[in-house]
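*Asks:* I'd like to ask you about the structure that follows.
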Amino acid sequence: MASSSAPRFRVYSKYLFLTYPECTLEPQYALDSLRTLLNKYEPLYIAAVRELHEDGSPHLHVLVQNKLRASITNPNALNLRMDTSPFSIFHPNIQAAKDCNQVRDYITKEVDSDVNTAEWGTFVAVSTPGRKDRDADMKQIIESSSSREEFLSMVCNRFPFEWSIRLKDFEYTARHLFPDPVATYTPEFPTESLICHETIESWKNEHLYSESPGRHKSIYICGPTRTGKTSWARSLGTHNYYNSLVDFTTYDVNAKYNIIDDIPFKFTPNWKCFVGAQRDFTVNPKYGKRKVIRGGIPCIILVNPDEDWLKDMTPEQSDYMYSNTVVHYMYEGETFINYSFASGEDVTASQ
């Protein structure tokens, strides 16, 4: 008994390419027999060609073009028999002819006489879009579309089959061509209303606002909540801000620095690349494709005492941290808020 998991045979096409190995039938006889077997699909053209292999055994190749699409689910449906010997059965390999022009050229390439060839009907030259045409069409879509929606609509109209099975890939391309605009951060407080410890000020001037021939150092700030850490860090310029999780799909290549805010050490991917201001590192976003991050910019890491990274690090990780960052633990009463500037206003700083 055949296994139920065996693949089901089916050929569904207007155009068929048949090969009968070791077939001694005359091409004209095979052609006439196939016209009868395929009559319900309204054949338009049939070419049957006998080919002698090096060992002298004859093979029969047949190209069939039908008006209607043939649905063949029985691999024995096109078996042929000899009139003189009904027990001699010739079984074909049945395939869809994806390119009729190529198949016709292939089966007639070495025919040495009309005796080995039989044709009936008028050959239908089926034009199939070449790779160059498809590339040109896709290039035109990319260059002329002005939004994600327009790009996807044009792809759907031009490549409906590919669109139906590769929609996720086309959506990824659309997001790459037309990314979401980077939101401009508006500081919660004027820069003049924020202050920082001299150690932090020194780091800012040396590693954030000046060029360095080597790699910049990052800064690690551990301190209580609601002391203005985040407000100060986000007021320094264009940056990538990550809170709760690191999402590389929103990475801005024009940012001057990164901020990692309230993310536990164990949940910070590529932490060495961030801390060490490394260049050209590869990331693998959970819901996106791998991408190369240009990097080379310092990072501000902000944590509260209950999630102190250094407490969770091995000695080797701690050594890397101290070698690549300025570590600052806020002292009691330290704040980034300049209360004298606030002049008695009700100031509530984040973080």
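Residue 1 is the first one shown; counting continues down the chain.
Cβ atoms here come from the backbone N, Cα and C positions, even for glycine.
Quick paste of what Swiss-Prot says about this protein:
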- Glu51, His59, His61, Glu110: divalent metal cation binding site (BINDING)
- 10-123: domain 'CRESS-DNA virus Rep endonuclease' (DOMAIN)
- 173-185: region 'Oligomerization' (REGION)
- 246-264: region 'Transactivation' (REGION)
- 17-20: motif 'RCR-1' (MOTIF)
- 106-109: motif 'RCR-3' (MOTIF)
- 286-296: motif 'Nuclear localization signal' (MOTIF)
*Asks:* Can you tell me which parts of the same chain pack against the region 'Transactivation' (246-264), counting only residues 6+ beyond its ends and a CB-CB cutoff under 8 A?
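*Replies:* 180, 182, 208, 230, 233-234, 236-240, 270, 274, 283, 285, 287-288, 291, 293-294, 297-304, 307, 309, 312, 351.
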*Asks:* When the motif 'RCR-3' (106-109) is classified with DSSP, how many of its residues are helical, how many are strand and how many are coil?
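*Replies:* Its residues fall into 2 helix, 0 strand, 2 coil.
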*Asks:* Rank the binding-site residues Glu51, His59, His61 by the number of other Cβ atoms within 10 Å of each Cβ and report the first-ranked residue.
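*Replies:* When each Cβ's neighbours within 10 Å are tallied, His61 leads.
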*Asks:* On the 0 to 100 scale, where does the mean pLDDT of the motif 'RCR-3' (106-109) fall?
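*Replies:* Averaged over the motif 'RCR-3' (106-109), the predicted model reaches a pLDDT of 84.
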